[in-house]
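Enquirer: First, the structure itself, so that you have it in front of you.
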Amino acid sequence: MSAPRTLNTAPLTALYNADALRRIERHYAPDSTPRLMERAGATGAAKAMQLVGGRHGRILVLCGPGNNGGDGFVLARQLKQTGFDVTVVHDCDEHRGAEDAVMAWASWRAVGGLTLPRVPDTGYALVVDALYGIGLTRPIEGVHATWIDAVNEMDCPVLAIDVPSGLNADTGAVMGRAIRASHTATMIAMKPGLFTLDGPDHCGEVSLHDLGLDCAAVTPPSGWQVGRELFAHLLRPRARNSHKGTHGNAMLVGGARGMAGAALLAGRAALKVGAGRVFVGMLDHAALPLDPEQPELMIRTPAEVLAGDLATCVAIGPGLGQSPAALDLMRDAVRTPATLVLDADALNLLAQHGDLEQALTRREAATLLTPHPMEAARLLRSSTAKIQQDRIVSARELARRFRASVVLKGCGSVIALPDGRWFINTTGNPGMASAGMGDVLTGLIAGLLAQGWPADLALLGGVHLHGLAGDRLVAQGKGPNGLTAGEVIESARAAFNALIAGADSRDPRHSTR
Ligand SMILES: NC(=O)C1=CN([C@@H]2O[C@H](COP(=O)(O)OP(=O)(O)OC[C@H]3O[C@@H](n4cnc5c(N)ncnc54)[C@H](O)[C@@H]3O)[C@@H](O)[C@H]2O)[C@@H](O)CC1
Ligand SMILES: Nc1ncnc2c1ncn2[C@@H]1O[C@H](COP(=O)(O)OP(=O)(O)O)[C@@H](O)[C@H]1O
Ligand SMILES: [K+]
């Protein structure tokens, strides 16, 4: 396992779950002048004015029953006082929220503000969604569901305050239905649900407004966003006086009959991220003794690859299949003293064979698991839906149970470490939902491990780089539709070299090297 000092989370964007946010609010709220809700409303109003371009236009504000609604009333009041034509929709006879929200509603009425009980006609310059924030406790139904449906049909920008209403701020799950915002102004701290599962499809552009509070002084972050700062110290230019041995050996095992492509994609990715030598142990070795498009790959039998003592890392799974031969290879692989990456069918075999699980949890070297949600469900004897209900909890449970570092892949991949820390990666795009992308990720991780990256950083860095590579292709017009895994390998090479070049010029620690 990588030493803790190699994982410096301090420069990363912190993520706070609802419980931690409540602690922060309780700490600061009593002494806050102006009140936190006034600050949140004012911040939201400024953001709204920015979005309507400073022009006066009709603005619709949906206000809910709690403090999120309170933010909405403050915002509505400020916009009205600035001269905007503001319509508030609110359906509570008596405000059930806390004192601040009741006061905010009263101050809206005090400036002559009216509330309507239903969403009126369209034709707004902006809709502000202040229905629910972190206090959402159950699926939205009834009249609020119809408001959300109406707003989602409107053809204008939608600014969500704190969290798009209906989105679970902790998990990114839609509860019943949710606002599809073009912008989300989130208060105090970033929330995990904005960045995983359904979050990115509902938040639009996210801006953070800390309201002047120092969250870390009250409670440690719940998790972090993956950022290049985490591994910047490893993005070093190569020493001129280096040779292939300096850059390590990546060992990949897979490629059963009909699935050779998976192992080759992984091998090529390891090579193109800079591993000194890449050996691919192909189950269907007789059919493919050479990769004609990448003859640099050293194709061997799986037994040869696993028996070698040159391995810095072993990655097993891409195209492995679940045959008796594959199971035997897994039993050998879990005994390797090298860092081990398990992907695809290696994970499916692990889910079915208790002896593999026992051997895995006894390993001294690090183990990395790269399941997609269905593989995660098999590993935890659960269902894909349950895994996705709370991706952070699922990833942490996998890490704990298998004493491994885990990436639960998908929109907003969640990385969990055995010590309980977790991260969300925000690079990547839906163009990467196509066959072979996971094999490329495994190869990138193996390539970084070969080059001596500590296990956890190879996992975090590999996931981040994989997404960056996909995003570069979309920026070049090569996706998301039709993006291929092979293209992502080429793009990862460019992205990795760009990261290293950027680290060189931006990070003073490297200027003297
Ligand atoms: N407490 C504070 O100090 C601050 C809170 N702020 C705002 O307050 C929000 C949190 O406020 P609250 O805790 O009041 O939570 P919300 O405003 O998100 O909503 C809670 C209310 O909605 C009800 N509710 C939850 N789910 C429902 C559903 N599906 N259908 C119908 N009713 C439902 C609850 O019973 C409760 O009355 C934050 O997201 C943020 O916008 C900000 O003003 C900053 C300061
Ligand atoms: N919608 C998405 N947004 C971001 N990344 C995605 C998305 N869909 C897939 N990916 C990424 O692409 C890869 C797909 O892996 P996997 O499902 O194992 O594919 P395969 O088995 O076909 O190789 C993962 O790294 C995953 O995080
Ligand atoms: K909201």
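Cβ coordinates are placed from backbone N, Cα and C, and glycine is handled just like the others.
Sharing the record's features from TrEMBL:
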BINDING   67-71, 133-139, D162, A262, G319, H372, D439  (6S)-NADPHX binding site
BINDING   N68, D129, S165  K(+) binding site
BINDING   K409, G410, C411, G412, S413, G438  AMP binding site
DOMAIN    21-219  domain 'YjeF N-terminal'
DOMAIN    227-499  domain 'YjeF C-terminal'
Enquirer: Of all the binding-site residues given, N67, N68, T137, S165, S413, which has the fewest Cβ neighbours within 10 Å once its own Cβ is left out?
Expert: T137
Enquirer: Taking ligand 2 as the reference, state which of the binding-site residues N67, T137, S165, G410 have a Cβ closer than 6 Å to one of its atoms.
Expert: G410
Enquirer: If the K(+) site is taken as the center of the Cβ atoms of N68, D129, S165, which further residues of that chain fall within 8 Å of it by their Cβ?
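Expert: Here the non-site neighbours turn out to be L62, G64, G69, G72, A130, L131, Y132, G133, A160, I161, D162, V163, P164, G166, I179.
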Enquirer: Specify the count of other C-beta atoms within 10 Å of the C-beta of C411 (AMP binding site).
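Expert: A count of 20.
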Enquirer: Taking only the binding-site residues N67, T137, D162, H372, K409, C411, which have a CB closer than 6 angstroms to any atom that belongs to ligand 1?
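Expert: Correct list: N67, T137, D162.
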Enquirer: Measure from the Cα of G410 (AMP binding site) to the Cα of every one of the binding-site residues N68, G70, D162, then give the nearest.
Expert: D162
Enquirer: Within 10 Å of each Cβ, count the other Cβ atoms, then let me know which of the binding-site residues H372, K409 comes out lowest.
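Expert: Result for the binding-site residues H372, K409: minimum number of other Cβ atoms within 10 Å at H372.
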Enquirer: Three-state secondary structure of N67 ((6S)-NADPHX binding site) from DSSP?
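Expert: Helix, per DSSP.
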Enquirer: Roughly how many Å separate the Cα of D129 (K(+) binding site) from that of T137 ((6S)-NADPHX binding site), to the nearest whole number?
Expert: 17
Enquirer: Filter the candidate list N68, D129, S165, C411, G438 of binding-site residues, keeping only entries whose CB is under 6 Å from an atom of ligand 3.
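Expert: Going through N68, D129, S165, C411, G438 in sequence order, those close to ligand 3 turn out to be N68, D129, S165.
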